[in-house]
Structure formats: structure tokens, C-alpha cells
Amino acid sequence: MFPSRADGGSYTDNLIGTLLAIFGNVLVSISLSVQKFSHVTLAGTKDPRAFYRTKTWWCGFVLTCLGEGANFVSYAFAPLSLVAPLNAVSVLASSILGLIFLREKSKPKDFAKRYGLSFLGCILTIGGTYLFVSFGPNSHEKLKAENIVTHMVGWPVLLYLLLEIITFCLLLYFYKQRRANYLVIILLLVALLGSVTVITVKAVSGMLVLTIEGTMQLNYPIFSVMFVCMVASAVFQARFLSQACKLYDCSLIASVNYILSTVFAIVAGAVFYLEFKNEDVLHICMFLLGSAFCFLGVFLITKNRKRTKTFEPCVTMDMTNGVPTIHDKGLVDFNGSFSYGALVNNDGVAPANVPVDLEQPPVSSRAPKASDLKKD
């Protein structure tokens, strides 16, 4: 099913792994856009169905599975330090899809002013991707169970794991006991768990590919150990990410998490799998320069996204109809409307009227009697 590979790896392996990672990240970005379109469509209509009962959402879910599957297999072919930074392709594809399916119309000058940083970020990301793919590590080995055990018992790996465990425990102490809910602390916890995840994902993926090729690897205990660590680290990583999303802006989380996770993944690949062992200084410097370009590009792309604003309602009176109308106090124009429950703000739509009882108590219009005047 897969082409046979030499023990030392080759240019073909890197090319297959790189193309699989790029293809998987593009599919993931498309699937997210499709699923968001499904949620927006349901929120804008009176369809009582849940989102998981729509064909559009299931289409996005299938694309997500295919994309993550391609990413998973790519670790078996290309070095870890080459696959991890390619997550920038997902951010790049999402930004391009957002510009293509942008609903609002604006003048070229306003468009350039608003999306100039995103355009610059896309250029930097594309250039950085080309650099680190061209000058990335080319050393790749077949991940047999014996090779993985040999890597684990080496003193650099044991020292790296010890330092990682100590750092994780210290950060977890400050986060849980000292209530230090800083974004950097939470995402450092995510990045430390992510380094364990990518190490185990590469090991599990490599052994599965070798098993499919005909060399059974699933009966070794190291496969079970790596699989359990992969699942556990991924679950806790998702848990910390969800907590970060409750406290901070998602665009800021996306950029910082990408930078920290990629740095730790590159270090893990260099220490655990010795991916930079046979590389010269020039290739390493160009690889790091390309990674830095991707970091800056992703930061600029996510920096330009709209941030969620708090809805502060106020009631004004429509003088023509005498009907109270809900507006967003000081945050949006009175010509727009706030779509409760929708993922987007439907600018340009007439404000929604508040259903109120307009019936007033009857006012007596009879003239005062003479007897009443005499009493006064």
C-alpha cells in the first residue's frame, strides 16, 4: 500500500509526508468553514433541527476526519520538526477562505487598510513554509519498536523528559494553587503536553505503517505505552485549551499556541528522534528563519480578526411607530441589529422590534362637573 523505504529515509519520504501534512491541514480548514456555515445557516432560519442532523455539518465532520488522518500518517514519513510547523497552512487556508466568502462589501482603500496585515501575514507564512520545507531535516528512520526503545533509554531523552515533567508540575502548581490564570501559563501547559503528543503520534503512526507494510509492530509493549500516552496527553491538552478559550480571545490563543507548540515540537524532534544530527549550520539557520517567518505570519493573520464585543443593550423609541427598539449601547450603529444566537452580526438589517403590550389604560375625557368646581 505504501512505497517501500530505505532505513535511512530519503527525499521521497519527506515529500510524501509534507504533501500529506499540507493536504490534511487544508482539509481541516475547509471542514471548519463548512461546519461554521452549517451553524450560521441554522441560526438564521427557523429550522428546529440540531446541528448534527444536517448534511452540511456531517460533510464538515468527514472532511475533518480525513484531514486529521492525513496529518497522522504524515508523521510516519517526514521528520517531526518538518510536519509540526506545517500547521500554519491551516491558519493560512482559513484566512483565504474567510476573504473568499466574505459577505460585506467595502472599497479597495478600506479593504487594503483592514486586511493589509492579513495579506502581509499570508506572504510571510508562504515564504516561511518554503524555507523550512526546503532546508528542513532530511534524516528519517523507520520507527520500529526496537528503535523507539533505544531512543527512550538514551540520556538526552531522559533528561529532556525529566525537565519537562518538573516544568509541567511547577506550572500546574501556579495555575491550580496560586490561581495564575495567565494565557502564557495555560498555553505552556498545552505546549508541554503537545510535545508528548507529537512524540507518541509519530511513534504510533510509524509502527502502524510498518505493520501495514508487513512488519508486525502492534504486539510490542512499547506500542501500547505510546498509544495510551498519546490519548491521555491529547485529552488533557484539549481540556486546557478549552479553559483558555473561556478566558481569552480565540485569535490570540491560536497564534500563541501555534508558536509555543511548534517550538516544543521542534525541540522534541531534535532531542527524541535526533532529526538535526546530520544537518549543517546553514540548513539549521535557514530552517529556523523559515519557522520565524511562519510565527510572524500567523501572528499577523490572527491579529487582524474581529474580536468578540460585549453586548450592552439599550432601549430607544422609534418616533414614527412609537415602538421600543433594542440597540447595542455604544458598540454598533443603530442601523444594524444584534442577531441573538447567530455566529455573525447581520449588519444592515433593520433593528428588531421588542414585542410589548401597546395598550394603555383608558384616560377619562369627561369635562369636570360644576359640583366638583364648587368643592375646590
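Even glycines carry a Cβ here, placed using N, Cα and C.
Now, the feature entries from TrEMBL:
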type: REGION; residues: 357-376; note: region 'Disordered'
type: TRANSMEM; residues: 15-35; note: transmembrane segment
type: TRANSMEM; residues: 56-78; note: transmembrane segment
type: TRANSMEM; residues: 84-102; note: transmembrane segment
type: TRANSMEM; residues: 114-133; note: transmembrane segment
type: TRANSMEM; residues: 153-175; note: transmembrane segment
type: TRANSMEM; residues: 182-212; note: transmembrane segment
type: TRANSMEM; residues: 218-240; note: transmembrane segment
type: TRANSMEM; residues: 252-275; note: transmembrane segment
type: TRANSMEM; residues: 281-301; note: transmembrane segment
Interface-richest range of 56-78, 84-102, 114-133 toward the transmembrane segment (15-35), CB pairs under 8 Å: 56-78
Proximity of the transmembrane segment (252-275) to the transmembrane segment (56-78), 3+ C-beta pairs under 8 angstroms: no
Cβ pairs under 8 Å between the transmembrane segment (218-240) and the transmembrane segment (281-301), at least three: no
Range from 56-78, 114-133, 153-175, 281-301 with most C-beta pairs under 8 A to the transmembrane segment (84-102): 114-133
Top partner of the transmembrane segment (114-133) among 56-78, 182-212, 281-301 - counted as Cβ pairs under 8 Å: 281-301
Long-range environment of the transmembrane segment (182-212) - Cβ separation under 8 angstroms, sequence gap at least 6: 1-2, 72-73, 75-77, 80, 84, 142-145, 148, 164, 167-168, 171-172, 174-175, 218, 220, 222-223, 226-227, 229-230, 233-234, 236-237, 240-241, 243-244, 247-248, 252-253, 256-257, 260-261, 263-265, 267-269, 272-273
Intrachain residues whose Cβ lies under 8 Å of the transmembrane segment (281-301), provided they are six or more past its termini: 81, 85, 88, 91-92, 95, 117-118, 120-137, 254-255, 258-259, 262, 266
